[in-house]
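Chemist: Mind having a look at this structure? Questions to follow.
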Amino acid sequence: MASSSSMDIEGATQHLRDILKLDRPGNSAEASLVESQRKPSFNGELNGVLGSDLMGAAMVEPTVHNSDKLNGQDTQTICLSGDDGSICVPIRANIVEIVSSRDSSIDSKARGSNKVKIQPVAKYDWEHKYYYGNLIAVSNTYLAYAIRGANNHSMIRVLHLSSTERSLLKGFTGAVTDLAFAHLDSTLLGCVDEAGNMFIWQLTSHSSKIQDEVIVHIRRPEDTPLNSNRRLIWCPFIPEDNDESPEDACQTLALLHEDRAEVWDLDILRSNNSSWPVDATELKEGFITIRGHAARISEGALSPDGTVLATASHDGYVKFWQIYIEGQDQPRCLHEWQPHNGQPLSCLLFCDNHKKQDPDVPFWRFLITGADQNQELKMWCTVSWTCLQTIRFSPDPFNCGVLPSLKASLDLSAEFLILSDVQRKVLYVMELLQDQEKGRASFTAVSEFLLTHPVLSFGVQDVSRARLRHTEVLPPEEESESMTAEGNQGTSESRSGIQIKLYCVHTKSLQDVQIWFQPNQGDSSSLFMPQSGSQDGFSFSDPLADLNVEAMSSDKESGDSGSQNDLSKILPLPSPADFMSPAPSALPKLMTPDAFMTPSASMPASPGSSASSLTIVTAMSSSDSGARGGDDLTQSPKMSVECVNSSFANAGSPRSNSILISGLGENIQVSPPNPPLSLDLQAIDPMVVPQASPTRARSPDVISSASTAMSQDIPEIASETLQRGLSGANADSGPILHSDSMASAASILHLLSPRARSSAEHSLLPLELGAASVDGEQRLSNTPSLLETALSQENAGAAGGSCSDSSVNHAWPAAPDITRETRNSLRDNGLGDCSREEIKDRHISSPYHRRTYHLTQNDSQDASAEQSDHDDEVASLASSSGNCGPRSSHRLPVKDWKTSPRSSPKLKRKSKKDEGESSQSRQIESQMSTEVQDELLQMLRSQQREIAELRQNQLDLLQRVTSHMDAVQSSMMAHIEHAMLAQQEQEQRRMERILVEGQSRNQQLQDQLVQQLVQTLNNSLCNRLEKVLREEMKKTVPQTISKSLEPVTGQMNSTIAAKLTAVEGALKENVTKVVKSKNTTDAIGRAAAEAMQGPIQAAYKETFQSIVLPVFERGCQSMFQQINDSFKQGTNEYIQQLETHIKNRKQRDQDTRDPVIGQLQQMIDSLQSSQDQLASTVTASVSSDVQHQLHMIVGNLQDSILTQVQRIVKGEVSLAMKEQQAAVTSSIMQAMRSAAGTPVPSAHLDYQAQQASILQLLQQGQLNEAFQQALSAADLNLVLYVCETIDSQQVFGQQPCPLHQAVLLSLIQQLSTNLSTRTELKISYLEDAVMNLDHGDPVTRDHMSAVLTQVRQKLFLFLQQDAHSPMSKRARRLMMMLQGLVNH
């Protein structure tokens, strides 16, 4: 208790808060778990996999190698925390939900990740929304991003990454919806705007300036609606060694519109057009349009050869289209399916490695699809069309209303998927692992990197392996070595990591972002996770599987149940579907991309060749799969071995014993899906002969023979004529050995040949060797050599001729081909029917034998005729089936095979020596002539020479095989030792890491317990200590203080009394002196004045405001009231006096005015009478003068006036008649055309009266009546008068239009009758009148077509007569407008 009371409470409290990190969010998964168990008020957040309690988190090791845990886990939930604990979180399940961290929300104050390095490039404000296209395009040389100018016009800014030079691209309609470079090394920049206009620029740098050249510009019609969802997709660039210009390969791209997709060939466009822009409506070739989706097309992808387009739409479908740009064929839908059960799709990514393209790896093997703005991602296998993995993103519990809006992008190596959330300031990096051989791909880890702002769009420039400290980019060869070293050493000794370089568009700026982190170092167990519906016997691979030395490792160290050494006990798993084997009928029908090309005379390059091709994803129909099951599985020896080896490799456990040396493996019978076929397989070590995947291993025979059936709906690969099979009698018997030294020698010679060794890198070896049924160790030590076996069996004779026939009853064995020289020699010597039975018997005990196959009854060609060309170059040591088989003059039946005609003539003669050489010699001498004997001697000599050559070849071959086997064994032992040492070191490091992690977890647990103990003690002691201190202080402190202060108080009182007495006397004396002093008096007076000045002023002010002002205000108010009353009274009195005065004044004026008026009236009368008299006098005199002058003038001008008047009257009358005739005709036509809508007045007014009436109506605002009256008069001048009087904007600027539809139609018709005069006024009114026509009005619908057609004809005549008029442009535009309305 004493120690607790002596604690510094405030310091302990702050220390405890610092330990528990109560002032900031926790960043430890274990602390979060402990705090969530103890108190929910702590701020720690859960990181990693949910569902484990406190003790589980402390005691269970979170290793990714625990296959038992993985085997039972189908779903997984990952809660990200926003700190370094959210980097490389392992993914272990097929269905994974990733929950965003709280710190990633926009309103969070958390800082960005320290793994992210940001450098600003440009400052610009982009609108915060989800952009379906790209705002930025990145290449190794240039950077382009879309912006808006001051007048809201879209532009593209181009930056040179090395020289920081800038350029601006303009000329867009609406906003830029998508832009992209053809590839990273390309200078071709493609762009599409909201109107669908396509731009392709060629960017070059000259004298530190960026030069942009438009090489393609496709322009859409002006009435094209704007759409912000248009996309631009380039055809992927596949670099080739012989490519001189990479830009020539990138000449195909796709445009995605709302309702269609277009594929454009830039070569055809550039060859057919030399000037740009070009209207899309004028193009007839160079592109193809694809329609077929019910909703908006959101994503697309072109195959590398440009023959297949994959589209994803909001209707939920992904469709594959076969396209023919140059031909007349329409695009064909090859396959369609809904990957997300009808949800709108937003992502379509094919996992192809374009950074390091392997010609043996097929394209489009795996596919990533996304729905609902990539809230859900799925990994698909395009061979079996099965979903391999599902990833779902969900918001954190504090922001459930803000759903993720993700944009996804794969790097060129297809190893990392990068995602940005528009609604959160975060970047996700997901690691992707692919296994082409096993047909599996999955995401293995996810990393979260916090940013300062949300990313609206980004472009990945490079993903490479870099040094940890110096961020030095490793070269490709060191990168692969580093990857291997990291896989063996683990995360604790990793020296390198992944560096991602990308450019991000934020809401406030464009930034250069670099991310460095160490990838997931766990095993690849997530790649082999069981799917729903998989077989029960499926087991996960051990971590030793990656070393390829499982045959030499101990099975006792693993925790797997069951023996994995016995290959016959391994449950067979279904191999991935391929066109080499029939697929189930339930799979959708889809042709291979190779089959989409036009059939040619030769087969295209297969995936096993040097050329790259697409993954074969075609499924066969149910009828063909059943009917052709046996044929497809028994096409050729090479094909059959590939198929069975592929399925066997997928089914077998990686810990099974691998045979180190070819030819020494066990004979294992594996039943394919279609019985009764079985094969004797031998396991080949992957380190000696690399295994090929089912999709890429193709024998040359299949490639050379399958060239004619690729254009069918169900592609059928042509096979060799060789068929394989075994009879049902020996289906359950042990492996049957057919030793053939010649076949074995030829096979081994083929293995050792340079062509065979080089071709082994890309496909399975055509070598097919049997194996003896002995143990591996006995095989290595007790196997006789080839020559020893041959020599020991040489004298066996015909006694062993029935060994093979006793247990085997099948067709003639297919022997390897021999050289042309040996074949010709044997043919010339007539040994086409020689027997090989004795040679077989002579090598019956050899472990090297050739696997046998059936020749069907319909075979009529040589089994070796379809061998590839490199087989003919091998100098075989055995007879070919072409000399002894169907090419012979006869074919032996099966029952005669016991005495095989293929045996050597020399062996026949040796077998007949015992029957008596003397009788045979005598018979020969008696029956044959000397000439026949010479021929036989020559034949014997030639055969002896051949046998000697064969023996010498066998000796050479034995030496080569022995040296090769020694080298192989030494290399195998070195590999095994190295692998075992590496595995031992890895296990040791793993144990050390486990111990360190256990100690760290224990230490963390102890720290947590100490923290909680301190907190508990603090909480309990603080309350109790405070209560105790208060009670003790209340009881003891006041009493103690009073007791100690009593004597002090008495002493102080006496001392103070004495002091006060002395001070009082001195004070009185001094005060008296001071008061009597003049200075003091003055000072006091000044001080009093200064002191009293302020209070007096305030008192006066307050008194004035509170007393004087109210009294004065009341006095003024009463005074003003009295003044007002007096003024009113005086005013009334004045008014009365004024009225009386005015009345008196008026009366006096009236009295004086009457006599004056009478006098004026008299004067006016007199003046009028005098004026009348004067007027009559003047008129008479003037009229007489005027008449006299007129008579004189008329006499002189009468003739000239008559002549002029006649001419003028005649011209005016004729012109008036013509105008009247035209007006009458026009009125009649107008009355006939607009009889239904145009009223005709009963009586015509004259022109002036009509003008006055119309003007009056216009002044009154009755526009419709004014125009109707003018149009009813059938006078164009009157109509023009109305148009001139009132402006067109005053008429048509009102809404709705004051003119009726009938008046509008009549106005359009009359104004268009003559466009040669007053053209500007007429066209102006015509434009406005046409724009105000109501298409829904029945009168307009009935008469609009005829009226507008007439107007178009008048406009056409006007343009023909005066094409260069200033009004021709407006007239042409009006005619285009009328054309659209007429067609509408």
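Each Cβ is built from the backbone N, Cα and C atoms, and glycine gets one as well.
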Chemist: What range among 517-550, 551-584, 1129-1162 does Swiss-Prot describe as region 'Disordered'?
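Modeler: When 517-550, 551-584, 1129-1162 are checked in Swiss-Prot, region 'Disordered' belongs to 551-584.
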Chemist: Please give the average pLDDT for the coiled coil (930-1012) in this predicted model.
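Modeler: Mean pLDDT, the coiled coil (930-1012): 89.
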Chemist: Please work out the helix, strand and coil residue numbers for the repeat 'WD 4' (340-390) from the DSSP assignment.
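Modeler: Grouping H, G, I as helix and E, B as strand yields 0 helix, 24 strand, 27 coil.
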Chemist: For the repeat 'WD 1' (171-211), give the DSSP counts of helix residues, strand residues and coil residues.
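Modeler: Across the repeat 'WD 1' (171-211), DSSP assigns the residues as follows: 0 helix, 24 strand, 17 coil.
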Chemist: Can you count helix, strand and coil residues in the repeat 'WD 3' (292-331) using DSSP?
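Modeler: Once the DSSP states are binned, the repeat 'WD 3' (292-331) shows 0 helix, 17 strand, 23 coil.
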